[in-house]
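Database features (Swiss-Prot):
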- 33-53: transmembrane segment (TRANSMEM)
- 77-98: transmembrane segment (TRANSMEM)
- His83, His182: heme b b562 binding site (BINDING)
- His97, His196: heme b b566 binding site (BINDING)
- 113-133: transmembrane segment (TRANSMEM)
- 178-198: transmembrane segment (TRANSMEM)
- His201: ubiquinone binding site (BINDING)
- 226-246: transmembrane segment (TRANSMEM)
- 288-308: transmembrane segment (TRANSMEM)
- 320-340: transmembrane segment (TRANSMEM)
- 347-367: transmembrane segment (TRANSMEM)
Amino acid sequence: MTNIRKSHPLMKIINNAFIDLPAPSNISSWWNFGSLLGICLILQILTGLFLAMHYTSDTTTAFSSVTHICRDVNYGWIIRYLHANGASMFFICLFIHVGRGMYYGSYMFRETWNIGVILLFTVMATAFMGYVLPWGQMSFWGATVITNLLSAIPYIGTNLVEWIWGGFSVDKATLTRFFAFHFILPFIITALATVHLLFLHETGSNNPTGISSDMDKIPFHPYYTIKDILGALFMMLILLILVLFSPDLLGDPDNYTPANPLSTPTHIKPEWYFLFAYAILRSIPNKLGGVLALVASILILILMRMLHTSKQRSMMFRPLSQCLFWMLVADLIALTWIGGQAVEHPFIIIGQLASILNFLIILVLMPMPSIIENNLLKW
């Protein structure tokens with residue numbers, strides 16, 4: 001008799017994706033982050049569902065309802081902080097996952113990579129709308145500043161902003177629709193992640209060498225299931241330490257003040273995971289230019305495949321490219337730091353230089369050493 005996991009229509013799909021899936025024998029811990037992102041997504045949906053049971057998307061009661069969750073709901077505080085810090089873990093895993101894809105040339109899987117970029121945009125949109133929901137000072141002013149950027153679009157900009165707001169300013173209508181979108185988007189992300197996985201399994205996983213591993217595959221279970229569980233335990237440990245010991249470490253104190261349209265905070269800034277993009281946006285004095293640079297900073301990932309000039313897929317054996325990759329990482333960390341600083345000297349010029357360097361490394365400097373490395377192969 002055939003095993004049920006190989007014959008049952010539904011079990012067969014799960015079996016081919018997570019159990020009998022042929023996987024390269026040499027994939028390192030950098031390949032753990034896909035499964036960690038799946039765990040983060042499940043955690044966010046579950047905690048978000050319980051938060052939605054008690055939250056009210058009305059400007060007069062939103063802030064109070066979040067306070068009520070933390071004070072009066074059984075274990076409401078841990079659900080709230082798991083959700084808030086879970087988003088930070090989500091983005092840490094996401095950035096490492098994208099970085100690994102850039103380092104090892106995973107962008108050569110065109111469909112998988114492009115859907116990944118769409119996923120990145122969707123997750124960023126979801127996180128932004130989630131940040132607005134507690135209706136604190138930073139929620140309100142963050143929403144006002146970021147939605148206002150759309151007014152830079154020629155001709156239709158102002159109408160578009162008022163359409164998104166549902167009025168002439170960020171108000172009840174904005175909060176209600178942001179809550180609706182914040183609720184539905186994680187399910188769209190789940191669907192996109194399934195398609196992402198579907199395309200990945202069409203080609204099979206990449207590996208650190210960047211060389212085809214078809215002749216040396218091992219079953220996903222038990223080898224990589226155990227490895228993924230270990231990674232998940234590490235991630236949960238870090239998340240729980242953050243939630244139980246320092247839940248507000250990554251938040252903004254301004255968000256503990258109810259939203260007040262008449263009082264602007266001294267420094268308006270988004271959550272830490274958007275600071276690099278925010279720094280790029282601020283570094284250009286022109287509004288439309290800033291918006292275009294902001295979008296380009298993420299959309300540039302789609303060009304990675306076209307900018308690949310090396311004969312080798314992975315950076316594993318390309319020291320010059322490795323140096324540039326780590327320069328890019330350092331530059332993004334610098335941008336994150338700048339995004340959290342006030343708009344004054346010397347931060348303005350540092351931000352502008354770091355923004356130029358960011359695009360310069362990806363568009364110009366990275367393709368160049370690849371050509372040198374190709375010539376070195378002939379020696």
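Placement of Cβ uses the backbone N, Cα and C atoms for every residue, glycine included.
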Taking all protein chains shown into account, the Cβ-based neighbour count within 10 Å for the residue listed as 'ubiquinone binding site' is 14
Do any residues of this chain, six or more beyond the ends of the transmembrane segment (347-367), have a C-beta under 8 angstroms from a C-beta of it, and if so which?
279-280, 282-284, 293, 296-297, 300, 303-304, 307-309, 321, 324-325, 327-328, 331-332, 334-335, 338-339, 341
Beyond the flanks of the transmembrane segment (77-98) by 6 or more, those residues with Cβ under 8 Å of it:
30, 33-34, 36-37, 40-41, 43-44, 47-48, 50-51, 66, 69-71, 116, 120, 123, 127, 130, 235, 238-239, 242-243, 247, 250-251, 271-273, 301
Integer Å value for the Cα distance linking His196 (heme b b566 binding site) with His182 (heme b b562 binding site) is 21
Restricting to the same chain and to residues at least six past its boundaries, which positions have a Cβ under 8 Å from a Cβ of the transmembrane segment (288-308)?
98, 102, 105, 107-108, 110, 113-114, 117, 120-121, 124, 149-150, 152-154, 276-278, 280-282, 355, 358-359, 362-363, 366-367, 370
Taking the Cβ of His182 (heme b b562 binding site) as the centre, count every other Cβ atom within 10 Å, in any protein chain shown.
21
For the transmembrane segment (178-198), the candidate among 33-53, 226-246, 320-340 having the most Cβ pairs under 8 Å is 33-53
